[in-house]
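Participant: After the structure tokens below, expect a handful of questions from me.
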Amino acid sequence: MGTAEATLRMDSMEVKDEWQDEDFPRPLPEDGDSSCGLTDNRTNPPSTLNVGETMAQHKRRTLIAPDMNLSLDQSEGSVLSDEFLETPDDLDINVDDIETPDETDSLDFINNGNELEWEDDTPVATAKRLPGESDEERDSSGRLWRTVIIGDQEQRIDMQVIRPYLRVVTHGGYYGEGLNAIIVFAACHLPDSGCEDYTYIMENLFLYVVSSLELLVAEDYMIIYLNGATPRRKMPGISWLKRCYQMIDRKLRKNLKCLIIAHPTWFIRTVLAISRPFISVKFMDKIRYVHTLEELSQIIPMEHVQIPECVLQYDDEKIRAQSERPKSMIAEVGRDI
């Protein structure tokens, strides 16, 4: 009996050690009994009370989870519940209470997984856009619109109607040190006053010019007004120029260092003279006149200034006429003698 009891105790001890240290290999039995193999013990758990309690305790420990819901359902407290839904109708959080630089940043973070976007200090995009890079939308009739911010007010521009006249404002590069922009205004690209819907076109073109100016300018800047090769019927009216001046932000007016008028005519000089009552003296002092593109090249770099072909032809004809004038005067003096 003593030997049998000792054998049972040894078997019980082997089963306990095997259950508690199941991750470690146990020595093979010397007597070759397959009932004590690893496979049989895994399929047939021990039947003693102590081993059963140990097994129950072990399973309870593995099934205990922290006090939080990590399931993939949409229940309350789930990490994939409301805040990660893509459909706006299922959202039950108050987006207005979330203080972020821009709501679109969070969506980009979820979709792209780029954690660096959270830490980017670059100003996020607003309704303002650079010319040609703006978010544009079409209405039900197919007309193209652009939304911009001018003077803290949202404005809509009919891009469809001003599409042929977008070259009226271009970026001519920079001058000096820093981001001192050169803004080129080509009057030859303005619409003809006799065209259909001229007032409507000029209203939208006005918004485009002002918004482009605010977006293209970072620091100090100068405006190059190309007046050559522009017939009088394309010249903007005084009221249009006055409104442009009044709508330009005060900071932009202050940062304007120079307004260069190339190929000035008596008409443009008259317009500026009439505009003196609503234009400040400081602004009038910033106006300069150049009569040729050669004079203009002595003031600013011309590498990135886009000169329309008609202006180049006008400049060549004017230079040729000035060079021929002394010859004609000499010929007239000779005939008088």
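Cβ from N, Cα, C; glycine included.
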Participant: Can you identify, from 1-51, 103-153, the stretch that TrEMBL calls region 'Disordered'?
Facilitator: 1-51
Participant: On the 0 to 100 pLDDT scale, where does the domain 'CRAL-TRIO' (158-319) sit on average?
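Facilitator: Summing pLDDT over the domain 'CRAL-TRIO' (158-319) and dividing by its length gives 91.
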